[in-house]
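Engineer: Please find one structure pasted underneath; my questions will follow.
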Amino acid sequence: MNPLTKVKLINELNEREVQLGVADKVSWHSEYKDSAWIFLGGLPYELTEGDIICVFSQYGEIVNINLVRDKKTGKSKGFCFLCYEDQRSTILAVDNFNGIKIKGRTIRVDHVSNYRAPKDSEEIDDVTRQLQEKGCGARTPSPSLSESSEDEKPTKKHKKDKKEKKKKKKEKEKADREVQAEQPSSSSPRRKTVKEKDDTGPKKHSSKNSERAQKSEPREGQKLPKSRTAYSGGAEDLERELKKEKPKHEHKSSSRREAREEKTRIRDRGRSSDAHSSWYNGRSEGRSYRSRSRSRDKSHRHKRARRSRERESSNPSDRWRH
C-alpha cells in the first residue's frame, strides 16, 4: 500500500473517533498500549538523530532512537524508530505528527506493536551499542535514592528553622527591653498632656454655653417688641415662643428659671407701658380741657367788649355831661 494512502486512512480513523466520542479503552490506539515505540517514515535524508529528537520531543521525552543507515556509506535510509518514556506520548505523536511536511516531504507516523532491535554485527561502534542498550533519554533516579534525599532535606530545613526561631526570639526580647526602658520616660509627658486636656475640656464647654446664652438673649430682645405689637395682652403666647427658641441642649432647670425671669420682665414692661399710656392720656385730656377753657374765656371777653362799645355808642350825651 502506498504510504500516502496509509496517512490518509489513519487521519480518517482519528476524525471518526473524535466525531463519535469513542472512549480511550475502545480506541484503536489501545491495541498498542504495551509498546512505547513508533515508526517514522518519509524523513529527509539530511536529518540526523538530533534533528529528529528536536522535532518529535514536543509531546514527550524521547528515551531511545534508531535511525536506520546504510552500512557501507552511513547515509540514512529515510525512516527510523523512536521510543518515548511515557506510552501516552505515542498516541499524541501519531495523532498530531502524522501527515506533516518537513522539507517538502510528508511524514508517516504509526504505532509499532513488537519492536525488535537489529542484530548487532562486529562492525557497529561502541557508541551505537551504548545507545541501543541504555538509550539517549535522561535517567530517572531510583525510588530508594529519591526517598533518602527527601528525608535528608526536611532534617536540614528543620535545623535551619530552629536557628531562625532562636534569632527571632532574641531580637524580640531586645526590642521589648528597649521599649520598657523608654516607657517610664515617655509616660510622664503623656500624663501631663492628658491632664491638661481634661482641664481645658470643661472650660471650653462652659465658654460655649455662655456664648450660646449671649446669642439667645439678643435674639429674644429683638423679638420682644414685635410680640408686644402683635399681641397686646398675649403674655402666654410670648412664653410659648420663647420656649420654642431655646436650644434643646439646655437643662430643664435652667429653662424653667429663665422662663420665670422672662415672665417677670414681661409683666414689669406691661405695667410700665400701661402707666405710661395712662399718664399720656391724662396729660392729653388736661391739655384739651385747658384749650377749651381758654377759648371760652376769649369768647366771653369779646362779648363784653362788644357790649361796652354798644353802650357807649347808644349814650353819647352821657359822655359830654361828664
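Backbone N, Cα and C atoms are what each Cβ position is placed from, and that goes for glycine too.
On a predicted model such as this, the values are computed, not experimentally measured, just so you know.
Dumping what Swiss-Prot says about this protein:
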type	residues	note
COMPBIAS	155-171	compositional bias 'Basic residues'
COMPBIAS	195-223	compositional bias 'Basic and acidic residues'
COMPBIAS	240-274	compositional bias 'Basic and acidic residues'
COMPBIAS	289-308	compositional bias 'Basic residues'
CROSSLNK	K8	SUMO2 cross-link
CROSSLNK	K243	SUMO2 cross-link
DOMAIN	36-114	domain 'RRM'
MOD_RES	T140	phosphothreonine
MOD_RES	S149	phosphoserine
MOD_RES	S186	phosphoserine
MOD_RES	S188	phosphoserine
MOD_RES	S232	phosphoserine
MOD_RES	S272	phosphoserine
MOD_RES	S314	phosphoserine
REGION	134-322	region 'Disordered'
Engineer: List, in sequence order, the same-chain residues at least six positions removed whose CB sits under 8 Å from that of K8 (SUMO2 cross-link)?
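Structural biologist: The list for K8 (SUMO2 cross-link) reads G99, given in order along the sequence.
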Engineer: Mind checking how the domain 'RRM' (36-114) divides into helix, strand and coil residues in DSSP?
Structural biologist: 21 helix, 30 strand, 28 coil
Engineer: Taking all residues of the domain 'RRM' (36-114) together, what is their mean pLDDT?
Structural biologist: 89
